[in-house]
Amino acid sequence: MDAAIRGNDVIFVLKTIGVPSACRQNEDPRFVEAFKCDELKRYIDNNPECTLFESLRDEEAYSIVRIFMDVDLDACLDEIDYLTAIQDFIIEVSNCVARFAFTECGAIHENVIKSMRSNFSLTKSTNRDKTSFHIIFLDTYTTMDTLIAMKRTLLELSRSSENPLTRSIDTAVYRRKTTLRVVGTRKNPNCDTIHVMQPPHDNIEDYLFTYVDMNNNSYYFSLQRRLEDLVPDKLWEPGFISFEDAIKRVSKIFINSIINFNDLDENNFTTVPLVIDYVTPCALCKKRSHKHPHQLSLENGAIRIYKTGNPHSCKVKIVPLDGNKLFNIAQRILDTNSVLLTERGDYIVWINNSWKFNSEEPLITKLILSIRHQLPKEYSSELLCPRKRKTVEANIRDMLVDSVETDTYPDKLPFKNGVLDLVDGMFYSGDDAKKYTCTVSTGFKFDDTKFVEDSPEMEELMNIINDIQPLTDENKKNRELYEKTLSSCLCGATKGCLTFFFGETATGKSTTKRLLKSAIGDLFVETGQTILTDVLDKGPNPFIANMHLKRSVFCSELPDFACSGSKKIRSDNIKKLTEPCVIGRPCFSNKINNRNHATIIIDTNYKPVFDRIDNALMRRIAVVRFRTHFSQPSGREAAENNDAYDKVKLLDEGLDGKIQNNRYRFAFLYLLVKWYKKYHVPIMKLYPTPEEIPDFAFYLKIGTLLVSSSVKHIPLMTDLSKKGYILYDNVVTLPLTTFQQKISKYFNSRLFGHDIESFINRHKKFANVSDEYLQYIFIEDISSP
């Protein structure tokens, strides 16, 4: 290596984002400046609000840089998770870079790993809502061309890794005229978050990727040769389209005429520079003209148009030839719309009459094999080679750019072999079902021969349901809510309230749960009490993450709230669980947004207790009571004398086994669809029943007793003053002691003392140190003469 490029201590910086190219090239002092390292440090200290972005001054003349990475994770990892993730991150990226350097640059694999792992600096962002840092490998040098060539390799690593830091590598920084924010400076004047240094590195030069100081511990590698410099032994293959047609395609791309067009032939078109008559700007990049000519190369059965000199100063254009069979195979498979990219970055594949995720098994490869016989004969033979299948799969992934919205059909129930329309009862299969893009399903096949009303299973099931929730006048409202709640589990839309299944032990709650799980399969998930009692935030929460797109979530066995130490149900959680999007991510994942389609059912033997009660909470709670007890013969007499039960039935010991064997799967599914049509067509409706919650009694009643005072009540002050009201700051108010006397007429202080005190503390105001009042008026005081 030339000694002239073994050192660089002049740092070129941009003073803002988006500096015009002309100002950058002319080094306009308003926009750019060059510093020595000590000068740069002083400038930052003297201008703490400055915005500086490090960049190469002239990439064509000098492009030696340190290997660097920008990581930006939209979540805050705790210290233990961060330390584990950063260790794995260093190992993963060093292995990846070493493999690339060995393959493309002829570097020594072990030397690259040693230089990267032994010396690097790490910044830390002051933004506490995310994990963001720059990492500079201080003794590992390369060229900007090499980093740009490495971009795709790092992108594949970030997509395949399970490490959240590796998945958050910003590969967009590997480009021409790239910039990296200088440590200690802001992104823009209004942003007060910065990247700070971390020990043991406290010199600013340790955080600059363009600073070069090679020593005995340094290691340098670069690309051995450019791909466009490689000329194949045999240029034009028999399977290609004619050379004349191919070169006409090239001519149409340029728009401007190619002066030496007639000089090109099959043997020299890769070596003869194209002489363009720039009557209009370049059709590829819109620049007025180019100093260096364009040239053609032949790679992977396609003509590649690139510019000599700096090839990145103009766009590279690929002209596919019909002879590129693997590219055409990928295009043909994409044209069938059998592979799609979801909003969350997952690939889904239409195979065996249903949409499936590509994450757990190589479904794209299976799709390629299954579609092989539908392709022309000259294509199908290519797919017998595993290496070529991998190439086709890579082409498909690269060609999929636009994501699609999925699971937007709330009235469709997906199965392994098709989709059931809940409104008209039609079952769609094959291509008819393909248009309903759903990424989750029941996980079993629909069988229309079992999906009938008249069957022995249906007769048995109706007896079970009628035992659990009797069809009596006293239980009519409860039975209706039971049917509404269970049938809403078929609907793929956000539900407005949560339902508590409340009753003593052995009253049919768990039997209902098992029947529902059997009927909707993988669309059902059972979770713990933590979704109700723990704070819901951006941190790892597999319970919430597992709710994504599920249609029924069953939360079983709430604690006895009378026990000391038991957590109350968080009112905020109830509100969040009725929103379309619930925040919570799986461990080591950036996917924090979960679409909430679930009917959330809480199975409890104990009266629910909430940390805070308000109108918003009461609008979101429904209660189904279970009062039929299923007893063994030995306990029947005691159960019949228990006031908690309306009826006592003998326990069927074999029922659980029948449910687990899915005996009632399609019978119950038929019943759910029937109830769905009865209650939820055309609009899905679930109504709360706050009157069923004892803790809500005070708040429901007090809303009928009080109104907030306002200016319209001032004319009534003559009569109101006789009833204890006073006028304070032009507002009718009620002294605290008077309020307590009046409220005691409606509520027993022994039963509702805590609720009354809580209401007063929330709404009372102070006239002075000793006088307290409330800005409320009793309705009877303004309605009575």
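Placed from the backbone N, Cα and C atoms, the Cβ positions cover glycine too.
Note that this is a predicted model, so its numbers are computed, not measured.
Over in Swiss-Prot, the protein carries these features:
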ACT_SITE  Asp170  active site
BINDING   Gly503, Glu504, Thr505, Ala506, Thr507, Gly508, Lys509, Ser510  ATP binding site
DOMAIN    477-639  domain 'SF3 helicase'
REGION    342-469  region 'Primase'
**Item:** Distance, Asp170 (active site) to Thr505 (ATP binding site) (CA atoms, angstrom)
**Value:** 54
**Request:** In whole Å, note down how far the CA of Asp170 (active site) lies from the CA of Lys509 (ATP binding site).
**Result:** 50
**Prompt:** Far apart in sequence but close in space: which same-chain residues, 6 or more away, have a Cβ under 8 Å from Glu504 (ATP binding site)?
**Reply:** Asn605, Phe626, His629, Asn642, Ala644, Tyr645
**Prompt:** About how far apart, in whole Å, are the alpha carbons (Cα) of Ala506 (ATP binding site) and the residue listed as 'active site'?
**Reply:** 55
**Item:** Cβ-centroid neighbourhood (8 Å) of the ATP site, Gly503, Glu504, Thr505, Ala506, Thr507, Gly508, Lys509, Ser510 excluded
**Value:** Asn605, Phe626, His629, Phe630
**Message:** When DSSP is mapped onto helix/strand/coil, what comes out for Gly508 (ATP binding site)?
**Reply:** coil
**Item:** Alpha-carbon spacing, Gly503 (ATP binding site) to the residue listed as 'active site', which is rounded to whole Å
**Value:** 53
**Message:** Rounded to a whole angstrom, what is the C-alpha distance between Gly508 (ATP binding site) and Asp170 (active site)?
**Reply:** 53
**Request:** Rounded to the nearest Å, what's the C-alpha distance separating Ser510 (ATP binding site) and Asp170 (active site)? Just drop the number here, would you?
**Result:** 48
**Asked** So what sits near Asp170 (active site) in its own chain, CB-to-CB under 8 Å and at least six residues off in sequence?
**Response** Met69, Asp70, Val71, Asp72
**Message:** Sequence gap of 6 or more, Cβ distance under 8 Å: name the residues on the same chain that satisfy this around Thr507 (ATP binding site), in order along the sequence.
**Reply:** Ile468, Phe626, Arg627, Thr628, His629, Phe630, Tyr645
**Message:** Quiz question: given the binding-site residues Thr505, Ser510, which has the greatest number of C-beta atoms lying within 10 angstroms of its own C-beta?
**Reply:** Ser510
**Fill in**
For the domain 'SF3 helicase' (477-639), the averaged pLDDT of the predicted model is 90
**Message:** Summarise the region 'Primase' (342-469) as counts of helix, strand and coil residues per DSSP.
**Reply:** 50 helix, 21 strand, 57 coil
